[in-house]
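A.B. asks: Sharing a structure, written as C-alpha cells. Questions coming.
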Amino acid sequence: LSCLLFNLAIEPLARAVIASPDLPGFKDINGRAHKMSMYADDTCIIMTSLSQWRVFKGIYKQYAKASGAKLNFAKTQIL
C-alpha cells in the first residue's frame, strides 16, 4: 500500500518535470524525449546544465510546499 501512496504523491512532481520546456532531457533514436526515470522511491532527473538544475529546484520547491516533501541532499548526486 505504501508504494501506491508514494506513486500517487510523486505524480504531480513527475508531471511538472515532463511538462517543463526548460528541462528537455534527451531524445532516443526514435525521437522520443526522456526527462526522468523513476523506480520505487528513486528518481533520476536528466539535466545537462546548472540552469536546468535551477529550473528543477523551482519546480521542486512548489511541489514541496504543496506536499510537505523534503529532498534528501545527503542522498542527492549530480553527475
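Any Cβ shown, glycine's included, is placed from N, Cα and C.
Note that the coordinates shown come from a computational prediction; the quantities given were computed from them, not determined experimentally.
Annotation comment: TrEMBL describes 1-79 as domain 'Reverse transcriptase'. Feature annotation from TrEMBL assigns signal peptide to 1-19.
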A.B. asks: Tell me, roughly as an integer, the mean pLDDT over the domain 'Reverse transcriptase' (1-79).
C.D. replies: 92
A.B. asks: List the helix, strand and coil residue totals of the domain 'Reverse transcriptase' (1-79) as derived from DSSP.
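C.D. replies: The breakdown for the domain 'Reverse transcriptase' (1-79) reads 39 helix, 12 strand, 28 coil.
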